[in-house]
Amino acid sequence: MGAPHEEIQALKRRREQNRLAQRRRRDNVRRRLRDLGLDTGSPASASQTSLCSSTDSRVTLNPHQSLRSTDFLSFETSNSDTEMSPYDPPLQSKLRLDSQIPLAEISFPSYASSVSPSSSAGPLSSSPSPSQRPFIDSTDLTSLQSVYNPTSLAVHLDESSMPCGEAEIPTRQDSNFPRTPNLKSLMSGCNDPSAYQPWILTSSTVGEQMSSQALPHSPGPQHCSTPLPAETRPRWTTALHMAVSQGNFSVMRLLLSYGADPNAVNSEGATALHVGVMNGNYTMVAELLQRGADPTLTNAAGWLPLHQAVHAGDEGCVRVLLEADQPVDYPISDLDYT
């Protein structure tokens with residue numbers, strides 16, 4: 001019970017010290033404002049506040065002085081005790097009353113010297129502020145002439161010869177594009193609607209890319225300097241290859257139980273055993289071997305499944321293939337070891 005009581009007493013002492021420190025700050029601020037004559041309770045400050053709140057305030061100008069700068073203008077700001085922060089005494093010490101500012105420090109632009117002494121104060125600066133600068137419309141061509149150099153633009157308008165609103169952007173000549181004749185020659189044979197024939201496409205199984213088997217020859221004039229690409233070789237695969245490539249063990253066993261050929265090849269000459277070795281799934285490789293997959297079959301490149309496993313550094317697949325009943329030391333020719 002003693003320790004919490006001491007902590008509560010220490011907290012109360014710190015709170016009282018903070019309250020006294022804040023009170024001393026407020027007293028110092030009021031004393032500083034009283035010395036400057038800005039305290040709202042003093043008669044002098046009340047008279048100054050009434051002068052600042054009057055709407056008919058006038059500035060007496062001296063026409064014989066050089067009125068050039070406004071850097072030394074200072075204005076009085078009325079702050080109450082509730083709005084005054086205890087951390088602003090250095091800022092408030094820099095404020096001066098209008099009666100304390102020498103007239104020599106008040107300066108205006110040169111054109112303000114023609115204002116009569118009894119008139120109200122004119123503009124205080126010859127250069128407009130950022131908020132007073134005129135807005136330049138990007139659609140106005142006359143205002144853009146002073147900002148952009150028309151000689152630096154590749155395409156510009158001649159406003160002297162074109163009426164307003166009817167100017168058109170000139171197009172580039174075909175000589176600037178060296179491939180324009182080739183494009184025209186490619187499109188020259190497409191003008192005859194009777195020349196169009198449906199393309200003959202070979203559909204492959206799911207997941208493979210469709211390729212064009214034949215393209216129609218247009219009877220029109222042939223001016224193309226670049227021949228069309230040669231016919232691509234169609235690709236195909238089987239459902240067993242897809243199941244092995246996706247690592248779906250249950251679908252692979254289901255396909256094998258329904259009579260899928262484990263030695264079927266795809267368009268690259270690879271069996272499902274090759275695909276399993278490429279994916280590094282030695283469990284599926286062992287299941288394929290038990291279901292009758294032949295490890296001596298090579299792909300289109302002449303590689304056995306064992307060669308792919310050794311090339312990939314897959315110790316699990318190498319061990320499963322070496323433990324198979326079929327011989328796996330089938331030689332291959334023209335093997336690129338690089």
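Every residue gets a Cβ built from N, Cα and C, even glycine.
If you look up Swiss-Prot, you'll see 1-70 (among others) marked as region 'Disordered'.
Annotation comment: Swiss-Prot describes 1-10 as compositional bias 'Basic and acidic residues'.
Residues annotated as compositional bias 'Basic residues' in Swiss-Prot: 11-33.
Swiss-Prot lists 42-70 with the feature compositional bias 'Polar residues'.
Sequence annotations record features per position, and here Swiss-Prot assigns region 'Disordered' to 112-137 (among others).
Counted with DSSP, the repeat 'ANK 1' (235-264) comes out as 16 helix, 0 strand, 14 coil. Annotation comment: Swiss-Prot describes 235-264 as repeat 'ANK 1'.
Assigned with DSSP, the residues of the repeat 'ANK 3' (301-330) fall into helix, strand and coil as follows: 16 helix, 0 strand, 14 coil. Marked as repeat 'ANK 3' by Swiss-Prot on the basis of sequence analysis: 301-330.
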Secondary structure split (DSSP) over the compositional bias 'Basic residues' (11-33) reads 23 helix, 0 strand, 0 coil
DSSP tally for the compositional bias 'Basic and acidic residues' (1-10), helix/strand/coil in that order, comes to 9 helix, 0 strand, 1 coil
